[in-house]
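Look at TrEMBL and you will find His129, Cys729 tagged as active site, proton donor. Summarising the annotation, TrEMBL assigns active site, proton acceptor to Glu695. According to TrEMBL, the active site annotation covers Glu695. The annotation (6R)-10-formyltetrahydrofolate binding site is assigned in TrEMBL to Gln111, Phe112, Ile113, Asp165. According to TrEMBL, the NADP(+) binding site annotation covers 593-595, 619-622, 652-657, 672-673, Lys779, 826-828. Residues or ranges marked as domain 'Carrier' by TrEMBL: 340-417. What TrEMBL records for Asp165 is site 'Essential for catalytic activity'.
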Amino acid sequence: MDFICFITCWVYSPSFMHYYQNKIKLAIIGQSLFGQEVYSNLRNQGHKVVGVFTVPDKDGKADPLAVAAEKDGTPVFKFPRWRVKGKPIPEVVEAYKAVGAELNVLPFCSQFIPMNIIDHPKHGSIIYHPSILPRHRGASAINWTLIHGDKKAGFTVFWADDGLDTGPILLQRECAVEPSDTVDTLYNRFLFPEGIKAMVESVQLIADGKAPRVPQTEEGASYEGIQKKSNSKVNLAQPAEAIHNWIRGHDKVPGAWTVIDGQSVTLYGSSMLGGSVPDGQVLEIEGASQPGLVTKNGLVLYGTDGKALLVKSLQFEDGKMIPASKYFSSGETSSVELTDDEKKMAKEIRNIWKGILSNVPVIEDTTDFFKSGAASMDVVRLVEEVKQKCADVQLQNEDVYMATTFQDFIQLFVRKLRGEDQEEELVIDYATKEVNNMTVKMPYQCFINGKFEDAENGKTYDTINPTDGSVICKVSYASVGDVDQAVAAAKEAYDNGPWGRMNPRDRGSLLYRLADLMEEHQEELATIESVDSGAVYTLALKTHVGMSIQTFRYFAGWCDKIQGKTIPINQARPNRNLTFTKKEPLGVCAIVIPWNYPLMMLAWKSAACLAAGNTLVLKPAQVTPLTALKFAELSVKAGIPKGVINILPGSGGVVGQRLSEHPDIRKLGFTGSTPIGKQIMKSCALSNLKKVSLELGGKSPLIIFSDCDMDKAVRMGMSSVYFNKGENCIAAGRLFVEESIHDEFISRVVEEIKKMKIGDPLDRSTDHGPQNHKAHLDKLLEYCAIGVKEGATLVYGGRQVDRPGYFMEPTVFTDVEDHMFIAKEESFGPVMVVSKFKDGDVEGVLQRANDTEYGLASGVFTRDITKAMYVSERLEAGTVFVNTYNKTDVASPFGGFKQSGFGKDLGEDALMEYLKTKAVTVEY
């Protein structure tokens, strides 16, 4: 006997990742997005998929499983059938056997698979079935789970045999059926996502030799046939709960129906009605124990037990769908004025709708695409078929969700066809520069609501190249009015734009696309970063830009994994309670970033902000605005909706202050100095108690013990100070070196400094570029002068390099006493501040290291792991590096203690900074 299985599948992106030792060769037989997800996850676990056997392309479009496999280079076979007149097709069987599979995996298969294929592999074949077998064998298992009012739903992974869903059980999972569950919600909530995990787990159990084969019992077994429109009429002469279960068990497809006023009417959106029934108008319904009632909330139906249920939507024989509450209302259908050619096109599109919504006899203007049973794959099909008919129309999947009735869809289509609905083309007045063997194109205006425009007052300022002090270009100098416009645009985008209604996974796709565009433009971004901030190009490429790309990809992956919790609470007896939490975006967020890592600081904050679903207004540092504005350009190309991202170059005193005071901003993230952070916090509190996260100043201690790896300590100690010209928030602001190795350490550091090449940051051999801007260079020179005046020993450097630009020599101070200015204050430049500590005085050096109001980062070098762990526990800093330094990662939280601020960038913790928690308690 041949085997056939039917499953309806939904989209899921698993977040689990395990490592297993044993792997086997697999053949995936099936189709659909469910099949694609199972295939991808099995490959991610290291199993070898030797062949994918799926259905032929339809209308030139490959099945999702085929698309994924072909992209990976996996052999794909698209057989229209496996047998003819009940006999296997020899060439098909031969092609299958040639791949050498050890196990067949059938996640979803609509074809008849011969038993000589099912039994051929070493391990046989496993199949997913969406019920707790032996209950509900057959093709409409989920429908029947709801129709029968089962309290539990679930799925089974079983070994294929020659029966119909009768093979031995490998694995089962179950979940509670909620009172409001429909076929759709059960798939989305449990059966699809957990089914993917279970298929992967099942394969691994087989690979490990641990897979059970539990024979199915016939006790409690049931088999029900396929539910179709013809047999889905609801019997109203039964209790209300049975009527409710029948309706939701057919929602959305094929749709439970009854007869009202002589015509078939399909019922959607059923729920049991508790409490009193609102007033309404009586409606006679064929076969009902008593008349229905059309109320403001919907159609009330009564069961034979006198209990009531509520139906939200009705669909008529002609395909028209209405809210049940509007049954007695007479509405006029508006239409658009179309030209003759547009009418012909509308007719063709109506036929496309008819082909997709095959259960709808007539496509009316008011026919709703989704209420008629369409699902996400149907959206893709609709868009692609319409684009085939009219390639000039830029139609997106999201357009279908925004115009769900046929009439609205045609209006949207015609507007797009006429060019009336197109987004205004992005106009950019670039500043161009021939540099680094390329032409860099730099936007220089404010970016508000998807457009580059001059500041409201027309003011500009010069942004300077620190390599030679020359003007790169003039940049718009944003005003308070510009801030108000940008906040209004962000609020509109959040409240009413597509961003707020977008599926989280779609939001993640846009962020992935943005990261891809940043990668495509990484050389240009790194060049702009070097020219505008003085960053050495190789470092800009790897860190400034490279980590920015990684950050967006990391948080793009979080978009569909933001979850709340269920919480057990004391029950309000005799009733029961369910309490759960939801994580929701905050709304409009402001981000103010510094000048040392212009693009990376933008990414660290804005990627988490956007992934959480917020919109933002960002102020780059006044002296380094150009990569932020280039980022704005790329965000438009990525498809980020207008108003979601707004960039305002200008001063902190104007733009930053207004952002901190603005009543429509719900969160402000700031990286900068501690004094400014305090002012921002005060303004945020006095205005509207904005949520605030602050990454502020630091004086990070690095303790180097005599038992360290000296080579590594010298190399990493220099990096801890001179990385990115010392313009590094976690730079080691003070080094404590054990007395017995102090002189050797200093000698070797100076020796290495002399080898460093100071020069043009675009020169690939340059080690040390210019300081960010002249005012900062002047401050560093003053800092060094204070150190000398107070009695510290200037061992090396401390001077400006004799060449154009803002270059400073890498500097080393020793004999630094705890009371000195340079021992307490951050230089934020290439100044190594070194103090001795007595051999073996661990407690003493810890006390000195922690004797600071800052607590951003710290470090320790020692070969003694016990000492390293003890010191790391005692250091009062948000990050502790052991035998390394500057090792940050997008998955690891970053932020300080004490006056270095609060809140985190990076990692899951950063996401929480841009979310709020809502608790919901339900009594039942």
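Every residue, even glycine, has its Cβ placed from backbone N, Cα and C.
Shown on the structure are the features that TrEMBL records.
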{"residue": "Phe112", "record": "(6R)-10-formyltetrahydrofolate binding site", "CB count, 10 Å": "14"}
{"residue": "His129", "record": "active site, proton donor", "CB count, 10 Å": "25"}
{"residue": "Asp165", "record": "(6R)-10-formyltetrahydrofolate binding site", "CB count, 10 Å": "23"}
{"residue": "Ile593", "record": "NADP(+) binding site", "CB count, 10 Å": "26"}
{"residue": "Gln622", "record": "NADP(+) binding site", "CB count, 10 Å": "21"}
{"residue": "Val654", "record": "NADP(+) binding site", "CB count, 10 Å": "19"}
{"residue": "Gln657", "record": "NADP(+) binding site", "CB count, 10 Å": "16"}
{"residue": "Glu695", "record": "active site, proton acceptor", "CB count, 10 Å": "28"}
{"residue": "Cys729", "record": "active site, proton donor", "CB count, 10 Å": "23"}
{"residue": "Phe828", "record": "NADP(+) binding site", "CB count, 10 Å": "24"}
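Cβ neighbour density within 10 Å is lowest for Lys779 among the binding-site residues Lys619, Lys779.
Take Gln111, Phe112, Ile113, Asp165, the residues named in the record as contacts for (6R)-10-formyltetrahydrofolate: the widest Cα to Cα gap among them comes to 15 Å. Cβ packing within 10 Å was compared across the binding-site residues Gln111, Ile113, and the lowest neighbour count falls to Gln111. Distance noted between the C-alpha atoms of Gln657 (NADP(+) binding site) and Phe112 ((6R)-10-formyltetrahydrofolate binding site) is 68 Å. Comparing CA positions across the recorded positions Gln622, Glu695, Phe828, the one lying closest to Gln111 ((6R)-10-formyltetrahydrofolate binding site) turns out to be Glu695. Here the C-alpha separation of Gln622 (NADP(+) binding site) and Asp165 ((6R)-10-formyltetrahydrofolate binding site) works out to 67 Å. Averaged across the domain 'Carrier' (340-417), the predicted model reaches a pLDDT of 84. According to DSSP, the secondary structure content of the domain 'Carrier' (340-417) in residues is 49 helix, 2 strand, 27 coil. Here the CA atom of the residue listed as 'active site, proton acceptor' lies 10 Å from the CA atom of Ile593 (NADP(+) binding site). Cα separation, Cys729 (active site, proton donor) to Asp165 ((6R)-10-formyltetrahydrofolate binding site), rounded: 62 Å. Within the set of recorded positions Ile113, His129, Glu695, the entry lying nearest in space to Lys619 (NADP(+) binding site) is Glu695 (CA atoms). Annotated pair Phe112 ((6R)-10-formyltetrahydrofolate binding site) and Lys779 (NADP(+) binding site), C-alpha to C-alpha distance, rounded: 78 Å.
Closest to Phe828 (NADP(+) binding site) by Cα-Cα distance, out of the recorded positions Ile113, His129, Asp165, is His129.
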